[in-house]
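Swiss-Prot annotations:
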- D351: active site, 4-aspartylphosphate intermediate (ACT_SITE)
- V304, A305, I307, E309, N795, D799: Ca(2+) 1 binding site (BINDING)
- D351, T353, D702: Mg(2+) binding site (BINDING)
- T353, E442, R489, K514, R559, T624, G625, D626, R677, K683, N705: ATP binding site (BINDING)
- N767, E770, T798, D799, E907: Ca(2+) 2 binding site (BINDING)
- C875-C887: disulfide bond (DISULFID)
- 787-807: region 'Interaction with PLN' (REGION)
- 931-942: region 'Interaction with PLN' (REGION)
- 1-48: topological domain 'Cytoplasmic' (TOPO_DOM)
- 70-89: topological domain 'Lumenal' (TOPO_DOM)
- 111-253: topological domain 'Cytoplasmic' (TOPO_DOM)
- 274-295: topological domain 'Lumenal' (TOPO_DOM)
- 314-756: topological domain 'Cytoplasmic' (TOPO_DOM)
- 777-786: topological domain 'Lumenal' (TOPO_DOM)
- 808-827: topological domain 'Cytoplasmic' (TOPO_DOM)
- 851-896: topological domain 'Lumenal' (TOPO_DOM)
- 917-929: topological domain 'Cytoplasmic' (TOPO_DOM)
- 949-963: topological domain 'Lumenal' (TOPO_DOM)
- 985-1041: topological domain 'Cytoplasmic' (TOPO_DOM)
- 49-69: transmembrane segment (TRANSMEM)
- 90-110: transmembrane segment (TRANSMEM)
- 254-273: transmembrane segment (TRANSMEM)
- 296-313: transmembrane segment (TRANSMEM)
- 757-776: transmembrane segment (TRANSMEM)
- 787-807: transmembrane segment (TRANSMEM)
- 828-850: transmembrane segment (TRANSMEM)
- 897-916: transmembrane segment (TRANSMEM)
- 930-948: transmembrane segment (TRANSMEM)
- 964-984: transmembrane segment (TRANSMEM)
Amino acid sequence: MENAHTKTVEEVLAYFGVNESTGLSLEQVKKLKEKWGSNELPAEEGKTLLELVIEQFEDLLVRILLLAACISFVLAWFEEGEETITAFVEPFVILLILVANAIVGVWQERNAENAIEALKEYEPEMGKVYRQDRKSVQRIKARDIVPGDIVEVAVGDKVPADIRITSIKSTTLRVDQSILTGESVSVIKHTDPVPDPRAVNQDKKNMLFSGTNIAAGKAMGVVIATGVNTEIGKIRDEMVATEQERTPLQQKLDEFGEQLSKVISLICIAVWIINIGHFNDPVHGGSWIRGAIYYFKIAVALAVAAIPEGLPAVITTCLALGTRRMAKKNAIVRSLPSVETLGCTSVICSDKTGTLTTNQMSVCRMFILDKVEGDSCSLNEFTVTGSTYAPMGEVHKDDKLIKCSQYDGLVELATICALCNDSSLDYNEAKGVYEKVGEATETALTCLVEKMNVFDTDLKGLSRIERANACNSVIKQLMKKEFTLEFSRDRKSMSVYCTPNKPSRTSMSKMFVKGAPEGVIDRCTHVRVGNAKIPLSSGIKQKIMSVIREWGTGRDTLRCLALATHDNPPRKEEMNLEDSSNFINYETNLTFVGCVGMLDPPRIEVASSIKLCKQAGIRVIMITGDNKGTAVAICRRIGIFVEDEDVSTKAFTGREFDELSLAAQRDACHHARCFARVEPSHKSKIVEFLQSFDEITAMTGDGVNDAPALKKAEIGIAMGSGTAVAKTASEMVLADDNFSTIVAAVEEGRAIYNNMKQFIRYLISSNVGEVVCIFLTAALGFPEALIPVQLLWVNLVTDGLPATALGFNPPDLDIMNKPPRNPKEPLISGWLFFRYLAIGCYVGAATVGAAAWWFIAADGGPRVTFYQLSHFLQCKEDNPDFSGVDCVVFESPYPMTMALSVLVTIEMCNALNSLSENQSLMRMPPWENIWLVGAICLSMSLHFLILYVEPLPIIFQITPLNVTQWLMVLKISLPVILLDETLKYVARNYLEPGKDSVQPATKPCSLSACTEGVSWPFVFITLPLVIWLYSTDTNFSDMFW
C-alpha cells in the first residue's frame, strides 16, 4: 500500500478489507499470499564457485600465461631424452602461479557478496497475528505473514513486516529503528496520520519498519508491506543493483595488461617471422616443422619473459603490509585493493553522530535563578566540562571553578536529574571506558550529577565501577521513587512521584518533572530562588525563554531540558494512572527550578584532522539524519564551515535537495559541505553525483540503511559499532568510529601508492630486459640465453623480494600537502617509459653479452668467432666454417648461467636505483631502506642456492661459476647504476627541476653546492671496490677484437 502513513486507521483497514479485532479470513490470506509471496528477502543468487574461478581468467595477461602453459605442456609431452622431466617444470610452475592468483581473487569476491546475506539476520523468525480461524492471538512463522494481517508487537519483539499502527496498548510505544534510519535514540510512535506524502522514514511516526526493535510498550497494526516491498527489502534491491566499481589501481593494471599483451603478441610474431629462414637449418634435422616448433618455443619463452608474474603477489603483499600498518591506527581494511584507492580520495562524506562527534550526550551549560526583583530577574549561568560519559568534570561560573553544594538551586536541580531518570553509568572494564545504560539524554543527566557532587561525597579511594554512580546513589537514598508518569507527546514531559525514605513532618512527597522547556514552563506557576518559591511573572518567563532560545540556536544549538518540581502533589491513592491522558492534570502548578543544555560534542581531534584534509585538497561533507541547525552548528565548531560563512548554497536538508532540479542537485553536490535530515537514498544519489565529477569518494555509515551507499562509494567505511550489514558492504571498518582514523588511513594510502609505483616500475624494467634478451638472441641467431623456467624464477622469486621491500620505502614528508592525485594519471609517464626502455635495453644487451663473452672470450670457453656463434644452427662436422669446433659446446650450461647471473645481479642494482624516483644513490644510500638491503642479500642467496645445491642446477639447466666468471658478471652488471644515475640527473635538472635542484640547470654547479647532502660513507665504501673490480683481468676486451 502506497503512502499508508498519510491515511487514517479506518482508511487503511478498509483498503485491506480487514477488521482489527478478528483479522483476515483464511481465504483472504491465501489470495494475498499468491499475490505478494512469502514475507522474506530472497536468498542472494551469488555467482557459483566455477563462475568466480572463470572470472579470474578473464584478464588478458593471465590468458596469455595460460596459453603459454598449455603450449609448454604439449611441447614437453613430445620432448625426448634427458630434458623430459625439466620440460614439465615450466608449465607446472606457470599453472601454480595462476591457481594462487585465482584463489586470492575468488576469496576477495566472496567477501563482497556476504553483505546482502547479512541482511537476513534482521528478519524475525516468528510473528503474532490475529486471524479469523482463532479467537485469540496466534504465533506463526514470520515468512507466512501477508499484507493486511493484523499483527501484535510488544517490548523486545523484532517487527516482522512494515506495519501501520492502528492502536497502542500502553502509555507509550518506543521503537529502536537505528539500524534503518541511524537515529541514536528510540522513537516515540503514535497512530495519527502524517499528512506529508514525501515524509522521510524518520518522520513516519505512525509506522513500524521490518527488522526494527520494540524498545518499550505494546501495539497493534496492519501489515502494509512484506518481503522485498518493505523498507529493508528496498535496501536489499538497491544493494543487488549496485555493481562494484574497479579501483583506480585495478583499472590502471587492466589498461597496462592490455597494452602489454598487444606488445607481447607483436614481439612473439616478429621473432617467429624473423627466423622463418632458419626453420630448415640442419640442427632441426632439415625438418621445417621441427624448426617452426623450436622458434615457437622461443616465442612462448618471450611471452613468459614479458609478463611480470610476480606483480600480483608483490602488490598483494604490499597491500597486506599496508593493512597491518592501518590496523595499528584502528582502520581495519576488508578489501585489499581499497588500500591504494584511499590514497586518491578527494571527498570524504562523513556521518555526524559518533564519527565527527562522540555520540555521548553531555550537559555543557545550565542555569538557575539568582535574584527576582519585581518583573525582572537575573540568572546564575554555569558551564560544565567533560565531553564523554566519564563522571569526571568541573562546574564553572564566569570561568571560575565553583562548589555546587553552595547553591541551593543546584542541589535541587541535581536531585531532579538523579531521580527523574531511569538510566545509569557503567564502567566497561574490557574497553576501559564508561558507557551508558539506558537513554542518551538521561545518561547525560546522570553524568552531570556525578560532576556536580552536590553533597560533597568523598570519592577518593573508590574503584571505577563504584565511582560510576556514587553521587546518584547518595541522592537516591534520600527519596524513594514510587512510580513514573511516562513521557507522552501531548505534554512533552515525564515525571516521577517520590516519597522521603525517612518520613518526618517537614519532609513530604514530591513530584519531579523534566521535559521540553516550552511545555514545562507553561505549566509552572512559581520559580525557585534559593530556598524561596516566588510567583512566575510574564517578565521572568520571557527572560527564561529568551536564554533557552539563545542556547537552542546559533553556534551551540543545545538541546534544552527544563527541570521543575511539584511541592505538594495529590496523594497517590487519588491519582488515576490507568489513563495517560490524565497525567497532564497532575503536572500542573509546578515550580521551575532550572534548565540544562546538552549536546553530542565534537571529538577533540576532529578539528585538526579537517584542517589536514583541507591542506591535502580533500573536501569533507557532513551527512546526517539530524536537523539542519545542529548540523551547521557542529560544522562551524569543527572547521567544515568558518564562523560566519554563508551556508545558503553549502548546506541542504534532504527535502531541500529533492526540490532542486537535476542540474541544481548536481551543482549542489559540487559545492555543498553539509546535508541534514537525509535518507539512505540521498546518500546513494550524492555518491553518484560526486562520481560524475570523477571524485573518489569515501563514505561512512553504520546502519543497514547506509549499506547501498557504502557499496556504491569507492571507499565504504563502516563503524566498528555499526551493523553487520554495513560492515560487510564496506571496504574499511573504523575500530574506534573516529573521523581522524580516516585521515590517517588516507595518508597511509598515499604512501602505499608511491611505493607501489616504484616497485611496479622496477618489475616492468626487469621484464623489458628479459624481452630484449630473448629478442636479441633470436635476431642474432645466438643459442638460447634464458629459458622460461629461469625467467619464472627471476620474475617470481629473485625480483619479487626486492620489489616487496620497496613497499617499505619511507613516505615523503610533504605527502599530505599535495592535492589528491588524479586517478586517471598514467602509472608510467612518457619520460619514465623511455627511462625503463633504456634500462631494459641495457639489461637485455648485458645478458646476451654475458653469454657471448663465455663463447668468444672466456678462458675456459670454446673461444668461437662471432660468425660461428650467430650461425651455430649450421654447425656440423662436415661444415668447413666450423672446423675444430665441437658442436656440443653450443648446448653448454655455462653461457646460460652467465646470462642468468648477470640478469639477477643487474636486477639487484636496479632495486637500488628504485629507492627513489629521481634522487641519486649518493644522496639516498641503500641503508635508507634496510628491508631492501636484506631482500637483496636474500635474493642473491637464493641465486647461489640454485647454482650450488644439487639437484637445483639440473632443473634450471645451469652450472656453478668460478671467481673470474663472477667478476665478469659484476663488471657487466654495475654500469646499470651509472646509466640510471645519468637519467635521474637529466630528470632532476632539465625535466622536473623542482625543490631538489640546488642551482638552476643553466648555471654550472659549484663544488660545495653539488656535494651538499652526499652520503660520504657510501662513496668511500663503493669507490675503491669499483676501481678494484675494473682493474682485474677477465678478457673482457677480447670480445671486441
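Even glycines carry a Cβ here, placed using N, Cα and C.
Remember, it's a predicted structure, so these values are computed and weren't measured experimentally.
Shown on the structure are the features that Swiss-Prot records.
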residue: V304; record: Ca(2+) 1 binding site; DSSP (3 states): helix
residue: R489; record: ATP binding site; DSSP (3 states): coil
residue: R559; record: ATP binding site; DSSP (3 states): strand
residue: R677; record: ATP binding site; DSSP (3 states): coil
residue: D702; record: Mg(2+) binding site; DSSP (3 states): coil
residue: N767; record: Ca(2+) 2 binding site; DSSP (3 states): helix
residue: T798; record: Ca(2+) 2 binding site; DSSP (3 states): helix
residue: C875; record: disulfide bond; DSSP (3 states): coil
residue: C887; record: disulfide bond; DSSP (3 states): helix
residue: E907; record: Ca(2+) 2 binding site; DSSP (3 states): helix
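The residues of the topological domain 'Lumenal' (777-786), classed with DSSP into helix (H, G, I), strand (E, B) and coil, number 4 helix, 0 strand, 6 coil. R677 (ATP binding site) has none of the binding-site residues I307, T798, D799 nearby, counting only those with a Cα within 10 angstroms of its own Cα. Annotation: no recorded positions among R489, R559, D702, T798, C887, E907 have CA atoms within 10 angstroms of the CA of V304 (Ca(2+) 1 binding site).
Annotated pair T798 (Ca(2+) 2 binding site) and T353 (Mg(2+) binding site), C-alpha to C-alpha distance, rounded: 50 Å. Note on proximity: of the recorded positions T353, D799, C887, the one nearest R559 (ATP binding site) is T353, by Cα distance. Cα separation, N795 (Ca(2+) 1 binding site) to C875 (disulfide bond), rounded: 33 Å.
Per Cα geometry, I307 is the residue among the binding-site residues I307, T353, N705 nearest to E907 (Ca(2+) 2 binding site). The subset of recorded positions (D351, R489, D702, C875) lying with their Cα within 10 Å of the Cα of N767 (Ca(2+) 2 binding site) is empty, i.e. none. Each residue in the topological domain 'Cytoplasmic' (1-48) gets a DSSP state, and the totals come to 22 helix, 3 strand, 23 coil.
Ranking the recorded positions D351, E770, D799, C887 by Cα distance from N705 (ATP binding site) puts D351 first. In the predicted model, residues of the topological domain 'Lumenal' (274-295) average a pLDDT of 73. Just so you know, the Cβ of the residue listed as 'active site, 4-aspartylphosphate intermediate' picks up 27 other Cβ atoms within 10 Å once every protein chain is counted.
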